[in-house]
Structures are given as structure tokens and as C-alpha cells.
Amino acid sequence: LKNRLDKCNQDILDYVEEFRDFSQMVLSRLAGLNNYETEVKSEVENLLTRVERAQRDIDYFGSVTDSNTCVEVGEDLVKQQLLEAEEEKRKLKLVLNASCDHMLAGVKSLKVVKKTGDKHGSWTKDPGKKHTKIYLLNSSVNNVIFEFTNIMTFMESNHTLKARRITLPFPWEGTGHVIYQGFLFYHRHGSLNEIIKFNIQKRNIADQMVLPGAGRIPAYQLSPSTKIDLAIDEQGLWAIHSEPETGGNIVVTKINHVTMSVEHTWDTSCSSKDAEAAFMACNTLYVVYNFPSGGTSRIQCVYDVLGAVNTYEIPALHFPKRQGSHSTVHYDPKEKQLLAWGDGSQIIYKLHTTQKV
């Protein structure tokens with residue numbers, strides 16, 4: 001037993017010695033690892049610094065490249081838009097017959113043809129070559145048209161005796177109606193922006209359309225009953241109105257009178273404030289202004305839809321020899337004159353025109 005105990009003690013001493021040697025070796029290696037860790041840490045920090053510097057360089061060159069790309073894309077986009085605008089303008093010139101090259105230079109004279117009807121109303125004729133009939137549409141809301149054989153019949157004292165009465169299925173609203181190629185075009189009363197195409201001969205509705213954006217505010221501040229003012233010139237049917245989105249500026253829309261569809265729309269720079277009427281002549285909008293209490297009417301805003309007129313160089317054009325106001329001023333492209341309704345009077349204004357430059 002004693003021998004066995006001595007052997008166990010010796011084994012224990014041997015294990016302790018081995019553990020001591022192993023511990024010293026571990027400590028020695030740990031010390032080496034600490035030194036290595038310091039070296040590794042230093043290398044890692046150095047590497048991180050280089051990576052950060054490289055990332056900054058990459059970000060810089062990337063931003064320069066992106067900037068150049070944006071500039072190139074922006075320039076390409078502008079070029080494309082300019083090309084599209086030119087193409088659109090070319091198409092419009094074809095549609096609107098760019099040979100229409102005259103512009104208004106002055107209002108030469110007036111003739112009061114008759115004085116009949118309410119303060120507000122409209123009188124007009126079909127500008128077709130063979131049409132001589134005169135149409136009277138009294139009041140800003142009505143559904144009865146008076147048709148006269150010619151202007152001499154219209155000028156006779158009692159207009160109701162020799163006139164043909166035409167009753168519409170729906171009344172009109174405002175005074176902005178026109179007659180073109182045998183049809184009456186008018187804004188239907190009670191609707192926001194519905195335009196009726198009425199066949200005068202057959203006395204029925206031929207077609208109708210909705211004019212987007214129109215009808216919410218008056219076309220002219222001084223003629224609040226007219227929300228949509230229809231107009232005829234050498235190019236056909238137009239609509240003149242104002243929209244809240246344009247700040248009350250006047251909007252011009254070309255309408256295909258056959259299909260009753262919108263061909264193109266222009267937001268003009270002409271304000272509806274203090275405006276009483278407007279008309280189209282040879283692709284150009286002329287806006288008539290006045291004072292709220294009435295006075296001398298004047299044209300002081302002109303907008304050519306094809307940009308063929310430098311409108312900023314055109315002086316104000318005054319209507320001659322008359323104080324009052326207009327509820328309607330419509331252009332007659334056949335006679336190159338204006339048919340106006342002023343305080344119950346039916347008036348013809350002769351025009352002076354010149355070539356567009």
C-alpha cells in the first residue's frame with residue numbers, strides 16, 4: 001500500500017510539473033499572440049483607412065459621372081421636347097391653314113343697325129358664301145331664335161312679324177353662340193360645359209360635346225352670364241373660356257365642328273379681369289376690355305395661337321365714338337367685320353387689317 005501511495009504522489013508531482021510547463025508555454029504563446037494582435041489590429045486599422053479613402057474617391061467619381069449623365073439626359077430631354085413642339089406647331093399650321101396672314105390694325109367705324117331686345121343678347125349670320133340670313137338671339141337665357149331673310153328685313157321696325165321663329169329643345173346660356181354651315185352652336189343652359197350642335201333647317205339636335213375645364217367661371221369678368229363664348233373665324237369653330245387653374249386667364253380651344261371634338265387648347269396670357277368680350281380672327285384672339293361702369297371699349301390683349309404675331313408690340317385698339325358696354329363681339333370672316341351687341345343695340349364695326357409680320 002505504501003508503495004502504491006508513493007507511486008501516486010510521484011504521478012501527481014509529474015502532472016503538476018507538466019501542467020506548469022504547459023502553463024508557461026501557453027503564457028508565452030499568449031504573449032506572442034498579444035504582440036500579433038497588436039500588429040493585426042494596426043494592419044486592420046491601416047486597411048480600413050485605405051478602404052475609407054478609396055470609398056470617398058469612388059463616391060466622388062460616381063457623383064461626377066451621375067452629374068454628367070443627368071446633364072446629358074436633361075439636354076436630350078430638352079432637345080426632344082423642342083423637336084416635339086416644332087412638330088406640333090407644324091401640324092397645327094397645316095390644320096389651321098397658315099396662309100391666313102392678316103391681323104387687326106384698327107376699328108375704323110361703327111354702324112348701329114338696329115336697337116331691339118334686352119341689354120344682353122347676340123345677333124349673327126352664317127359666314128358661308130351663300131348665306132344672307134340674319135339671326136337674333138335675345139337675352140342671356142332663352143330658347144327662341146328669330147331668323148330674317150336678309151339684313152334689310154332685319155332692319156325693319158317690327159322684327160317679329162317678318163321673322164321665322166325657331167324654338168330650341170333646350171335654352172341657351174350666356175351670349176356666346178354662333179351659326180356655322182347651317183348649324184347653331186350654343187352652351188346649353190343648366191349644364192356646366194355642354195355644347196349643343198343644332199340643325200337649323202331640320203330643327204333637331206345634330207350632336208353635342210363636353211368642353212373639358214370650361215363653365216366654372218365666366219369667360220369675361222364684365223359678362224358674367226357667358227361661361228363659354230363660341231367664335232368663328234377663317235379656320236372654323238373656336239371656344240373661348242376661363243379656368244381657375246390659369247388664374248382667370250383666358251383659354252382658347254379649337255373645335256372640329258364636324259366631329260364635335262377638341263383639336264387643340266392654348267392657355268393665353270390674356271386676363272379675363274375687366275374683359276367684356278373677345279373674338280377670333282385669323283387664328284388670333286382679340287380681347288375687348290372696358291370699365292365696370294361702361295366706357296370706351298378697347299382691345300389691349302392679343303394672342304396668336306401660332307406665334308406669328310409679336311403681341312407685345314401691338315398698341316391698344318379703341319372702339320370709335322361710343323360709350324357703353326358690349327355683351328357680344330363676334331367676327332364675321334366673310335365680310336371682315338364685327339357684329340356686336342351693345343346695351344340692346346346691334347352694331348357693325350368695320351375693321352382695318354394689315355399683314356402679319
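The backbone N, Cα and C atoms fix where each Cβ goes, glycine too.
Not measured: the values here are computed from a predicted model.
Taken from TrEMBL, the feature coiled coil covers 37-95.
According to TrEMBL, the domain 'Olfactomedin-like' annotation covers 99-355.
What TrEMBL lists as disulfide bond is Cys100-Cys282. Counting Cβ atoms from all protein chains shown, Cys282 (disulfide bond) has 24 others lying within 10 Å of its own Cβ.
In the predicted model, the coiled coil (37-95) has a mean pLDDT of 59. Cys100 (disulfide bond) is surrounded by 18 other CB atoms, counting those within 10 A of its CB over all protein chains shown.
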